[in-house]
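Peer 1: Here's the feature list from Swiss-Prot:
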- 5-238: domain 'PABS' (DOMAIN)
- GLN32, GLU107, ASP139, GLY140: S-methyl-5'-thioadenosine binding site (BINDING)
- HIS63, ASP87, ASP158, CYS159, SER160, ASP161: spermidine binding site (BINDING)
- ASP158: active site, proton acceptor (ACT_SITE)
Amino acid sequence: MTNIQTWIDEYHKGSRFGLNGDVLIKQKSQYQEIIVIENEYYGRALMLDGCWMTSLKDEKYYHECLVHPALSSIDEKSNVLIIGGGDGGTVRECVKYAQISKIDLVEIDEEVIKISKKFLKEIGGEAWHDKRLEIHVDDGVKWVKKTRDNYYDVIFIDCSDPSEFSNLLFSDSFYKECKRILTPKGILATQSESPESFKNIHINILKTLKNIFKVSETMYSFVPIYPSGIWSWTFASSEDLNLSKQNYDEILKIEKGCEIWNLNFQNAAFKMMPNKIIKELDS
């Protein structure tokens, strides 16, 4: 079904967020239903199994916040792993760093990559052709299990909300395996859901990472297309995590290519934890 104008809604606990426009593609992959719609305000937007994943209008709120706090603060960043990220946005932000030698993108659903390359070209752009990128159509959990110890400097978990095929990406055992394959000073960076719409999942992620890693920090910002509009990203490490330790010359170069992220934005975002979340984490 293509080029049919209609409303497409995401439903969440008695509420809904919808976009009206032309449906460019609607198909069922092995894992999920994939829809791309063209909306007057948000531009092209991607929905997976009834949940909005990204749009051309606001995708940089998500991708820049996931990537740059980790990569701008770690000295050694040769090997990077992205789990999920089939729209190409996380890859695009990673390739801005010349020190990276290799990026492994592990996406379970090849159709997401194909459709993103065709209908959401503005997101991945030329990053799809970067020589450092290797794309693996594979299960992220299985990939991590078969990876040797201390291999990756940074791991990005850029996955959808918990579902039948992604639940294990939020599990205790998976985070422990990620810790195993990280270098001693490596950083795990993960989207950690909304403190409002997915509060229980959010709390569970934060508590789990706090128990597994020596230190973890969470930042909050806006992704308008997501339920409640507020989202979070959590960064964890087995060593001291100093996300304010920056190479300022490098930061200035990166900031120039960003629409949302800069160092002041980041520093403020790490101080935005709602008090109700603090209370639950301390209980």
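Easy rule for this one: first residue shown is 1, then count along the chain.
A Cβ is built for glycine as well, from the same backbone N, Cα and C atoms used for every other residue.
Keep in mind that what you see is a predicted model, and the values were worked out from it rather than measured.
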Peer 1: Between the Cα atoms of HIS63 (spermidine binding site) and GLU107 (S-methyl-5'-thioadenosine binding site), what distance do you get, rounded to the nearest Å?
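Peer 2: That comes out at 16 Å between the alpha carbons.
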Peer 1: Just name the winner among GLU107, ASP139 (the binding-site residues) by count of other CB atoms within 10 A of its CB.
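Peer 2: Output for this query is GLU107.
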Peer 1: Just how many other Cβ atoms lie inside 10 Å of the Cβ on HIS63 (spermidine binding site)?
Peer 2: 26
Peer 1: To the nearest Å, how far is the Cα of GLY140 (S-methyl-5'-thioadenosine binding site) from the Cα of CYS159 (spermidine binding site)?
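Peer 2: Per the Cα atoms, GLY140 (S-methyl-5'-thioadenosine binding site) and CYS159 (spermidine binding site) stand 10 Å apart.
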Peer 1: Which secondary structure state does DSSP assign to GLY140 (S-methyl-5'-thioadenosine binding site), in the simple three-class scheme?
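Peer 2: Helix, per DSSP.
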Peer 1: Given the binding-site residues GLN32, GLU107, ASP139, state which is nearest to ASP158 (spermidine binding site) when distance is taken between Cα atoms.
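Peer 2: It is GLU107, whose Cα lies nearest.
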Peer 1: Quick check on the binding-site residues: of GLN32, SER160, whose CB has the lowest count of neighbouring CB atoms inside 10 Å?
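Peer 2: It is SER160 that, of the binding-site residues GLN32, SER160, has the fewest other Cβ atoms within 10 Å.
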Peer 1: If you compare CA-to-CA distances from GLN32 (S-methyl-5'-thioadenosine binding site) to each of the binding-site residues ASP87, CYS159, SER160, which comes out shortest?
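Peer 2: So, spelling it out, the nearest of the binding-site residues is SER160.
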Peer 1: Quick one: largest C-alpha distance among GLN32, GLU107, ASP139, GLY140, binding S-methyl-5'-thioadenosine per the record, in angstrom?
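Peer 2: Overall maximum Cα spacing for these binding residues reaches 16 Å.
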Peer 1: Name the residues of the same chain, 6+ apart in sequence, whose Cβ is under 8 Å from the Cβ of ASP87 (spermidine binding site)?
Peer 2: LEU46, MET53, THR54, GLU59, VAL112, SER116, LEU120, ILE123, GLY124
Peer 1: Could you round the CA separation between SER160 (spermidine binding site) and GLU107 (S-methyl-5'-thioadenosine binding site) to a whole angstrom and send it over?
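Peer 2: With the alpha carbons as reference points, the distance is 11 Å.
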Peer 1: Pop the Cα-Cα gap between CYS159 (spermidine binding site) and GLU107 (S-methyl-5'-thioadenosine binding site) into the table, whole Å please.
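Peer 2: Approximately 9 Å lies between the Cα of GLU107 (S-methyl-5'-thioadenosine binding site) and that of CYS159 (spermidine binding site).
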Peer 1: Please give the average pLDDT for the domain 'PABS' (5-238) in this predicted model.
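Peer 2: The answer is 95, the mean pLDDT of the model over that range.
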Peer 1: By the count of other Cβ atoms within 10 Å, pick out the sparsest of the binding-site residues GLY140, ASP158, CYS159.
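Peer 2: Candidates: the binding-site residues GLY140, ASP158, CYS159. Fewest Cβ atoms within 10 Å: CYS159.
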